[in-house]
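Record features, source TrEMBL:
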- GLU33, ASN37, ASP79, MET84, SER99, GLY100, GLN121, PHE122, GLY123, VAL124, GLY125, PHE126, THR171, ARG338: ATP binding site (BINDING)
- 26-181: domain 'Histidine kinase/HSP90-like ATPase' (DOMAIN)
- 1-338: region 'A' (REGION)
- 552-627: region 'C' (REGION)
Amino acid sequence: MATEKKEFQTEVQDLLHLMIHSLYSNKEIFLRELISNAADALDKRRFLSLSDAKLLPENTQLKIDLSVNSTNKTLVVEDNGIGMNKEDLVSCLGTIARSGTKHFVQSLKDSDKSSVDLIGQFGVGFYSAFMVANKVEVLSRKAGEETGYLWSSDGTGSYEISDMPKQDVGTKITLYLKDGEDFQEFTTEWGVESIVRKYSEFVSYGIYLHHEPTKNDKGEMETKEPTRLNDKQALWRQSANEIKEEQYKEFYSTVAHEGGEPLAWKHSHAEGSQEFWTLTYIPSKAPFNIWQNDRINGLKLYVKKVFIMDDCKDLLPPWLRFVRGVVDSEDLPLNVSREILQSNKIITTIRKRVIKDVLDKLAEIKSKDREKYEAWWKELGMVLKEGFYMNWEHLDELKKLTLFKSTKSADKFTSLEEYVKNMPADQKEIYYLIGENKDSIAASPILEAYKNKNYEVLLLSDPIDEFMMNSLQEFDGKKFHDVSRGDVDFEKTEEEKKAEEASKTEYKDLCTDLQKTLDATIKEVRVSSRLKDSPCCLVTDEAAMSRHMERMMSAMGQSVTKSKRILEINPNHPICKMLKEKIAKKESLEDWPKALYGQAVLAEGSQLENPGEYVQAINKLLTAQLH
Ligand SMILES: Nc1ncnc2c1ncn2[C@@H]1O[C@H](COP(=O)(O)OP(=O)(O)OP(=O)(O)O)[C@@H](O)[C@H]1O
């Protein structure tokens, strides 16, 4: 048996030095790398046997076997894959062939970052075994060849290769583990099992843990049957038409860690310059932690069926954080770090696909099953609305998916498409009103003229609506108009215009008087053309911040200078007529200005700054009626 001693390529020596002295804490990934290499070797053997049947005798079960010896402190990873001959061992385990590892070594030279950071960023494959072992042996026999070879090294400078008979085709890697607490779990069955279940649950081939002999009840040594550690199928890798609805639902409970049924799912497979699979679920109920920053689910990222991370934030924008599921890329390196993901082109492509899949699915449900969609909208519409101010790319899709309450849809919702379709011919803009709760805005006097004209007004009361409307701008060529701002802009007949001018002149003195009394709180008092039944209302100046926005900003702890509002009075209301008479007779307006202002504040759902003063004013006016 001739033994040859060979020097590692210089780059490998650098790399191994790094592995041996590594402070990288996530050392368990070495097992993921070795299992992934074994699965690749099994793939290769199966593939080559398609054209050369001798390479894979019938009834051969392709598999990966693991065993630990807690006394000798060894861990064995064995496969019956393609195997390596002497040349392969030299070129694969003595030089750096992989582009990923080359990149790693180059970055190490160029970077001032610590090696610990870099190990986390690049796949280091087979060599990562030296993070946990002070000696590694690889016994391998290539499919189609008769003899085997033993490669062994302690990772310092050189390795040895010798001929070594091996009965079966494949590769057996024995790790002689380092001493110390950090390495103990790798020689225990439970330690190995938990690492495999974490990273390699969906590897296509069976991974079996062979047990150490133990004493049974009779005091005899006994070896239990090997345990298969991965029994789950990577559902997302199967073709959609082979999967039953029940299987999708069952997988949802595993992947989402949530009860209940999903609203829908989308299963895609992309091929071409990049190959990846996505299986994304839209929950029907809001996940319990949807408003918490440290949400833990999201999308799981796999590379070649090997688990990489939970909740991969780069695959989903925050406004789709309710989405659950799996993304599996064939092209990403195994050891992608969070930093790399942020600027990775593959991730950008997958992310686009995921967003499109989810938005398309929601649009489909909205059009096919409106009731189901409305129920979902009540649960999660608020999260989707965040998309309006977080990005511009998907505004068109989001506009179509958004539902609104309105003056015409009492318990149901309306969409913008429906709103526009139902607009009377003379209506030019889309009207909306924002306030704190739907009931108070629905009763706002501001809406009177719009109801009178049969114009629908969208009623918005989610905290996020103010931000959403700022991004909305237009739909189907129609601008959005906040009805609590500025003047009404309906087209008026000559007669209406004349009547308005006449009212302005008639009510000039009353407006001036009210303005003087309320000057501290009111910017202007003017005659309204929007009121029908109420005596007065408050509106916001076109350029000023809305009252709702002011309230939200102060709730967020921001200092806000409140802008003064405009008080509009109804020239056709008996109270205003009576006050106009009082002015003509040079009588005092007594407590009427306070009463009018107070009720305008209450009618829009706001709180009075001084409720006591308002109650006193009302009581005085009511008492006067008793005499
Ligand atoms: N169990 C094995 N059976 C057969 N060949 C193997 C085995 N393990 C490693 N090899 C060979 O050694 C090479 C180097 O392995 P290493 O883990 O360093 O990188 P890699 O697996 O090629 O990279 P990547 O993980 O990015 O695919 C492999 O490409 C393969 O040819």
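Just so you know, glycine gets a Cβ as well, placed from its N, Cα and C.
Caution: TrEMBL annotation is automatic and unverified by curators.
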Using a 10 Å radius on the Cβ of ASP79 (ATP binding site), the other Cβ atoms enclosed count 27
One finds that other Cβ atoms within 10 Å of the Cβ of GLU33 (ATP binding site) number exactly 21
When pLDDT is averaged across the region 'C' (552-627), the result is 88
Close in space but at least six residues away in sequence, with Cβ under 8 Å from that of THR171 (ATP binding site), the same-chain residues are ALA38, ALA41, GLU78, ASP79, GLY81, GLY83, MET84, VAL138, LEU139, SER140
Secondary structure of the region 'C' (552-627) by DSSP, residue by residue, totals 43 helix, 5 strand, 28 coil
